[in-house]
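Some notes on the structure that comes next.
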Amino acid sequence: MEVEESKNDASVVASPAPTKLPQKRFYRQRAHSNPIADHSFDYPIHPDDYDWSQHYPTIGDKRVEFADIGCGYGGFLVTLGEMFPDKFAVGMEIRVKVSDYVMDRIQALRKLNEGQYENIACIRTNAMKYLTNFFHKGQLEKMFFLYPDPHFKKAKHKWRIINSALLSEYSYVLRQGGLIYTITDVKDLHEWMCKHIEQHPAFERLTDDEVKADVLSEKLLDSSEEGKKVTRNKGDKFVAIFRKI
């Protein structure tokens, strides 16, 4: 069971920039964390109360527009930073050591590539509880749910990151025309996510042609560390993208 941290220990500020990329073996942690557990997090009461400049040196009066929910070790987040240098993307990760790794990774990338990767950051938080504390209504253009915890037991399905109640929150922070991207190697979870999102009145599923035309559809497959692992294990990958209407 994950040990609780004091509020100060849950700081989202990364350690001083390392001189080389961190190694994952020093940040190992269990694959998933209980989202219902009473962890301690720093979070703003209102989005206006949050100082995004602590993460993004050049953000100025701009806002974060991409959110990678459960960003893992940050592979896809880094890809977003490279593909969209003029957009600000945040990864939200509940696990302590994993979020520490992503923060240190970003700091190292910035130091090794001057002027780059200043548009991505990671925050340790529970997005299932505090998403609307960070984002205004209609703020986000894209949300990503890559290989979320499948919570296989039926009694734990209510903990899945895609459910009817949370979809209303995602709809709130997404702008009209904004997109939700999902990918998993678990067919049952894929069908669950598609069923719940398609049944929600705020969303419609993209056609196969629309998915293929999206510049990120291929990146969903192998940019993340989990995606690479599934590829190595020759597993299936199920992709679906949804638009807020």
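Here the Cβ of each residue, glycine as well, is placed from N, Cα and C on the backbone.
Among the candidates L109, L112, L146, L206, the residue that Swiss-Prot annotates alongside G70, E93, I94, N126, A127, S224, E225, E226 as binding S-adenosyl-L-methionine is L146. For G70 (S-adenosyl-L-methionine binding site), the same-chain residues 6+ apart in sequence whose C-beta sits under 8 angstroms from its C-beta are M92, E93, I94, A127, F145, L146, Y147, P148, D149, I161.
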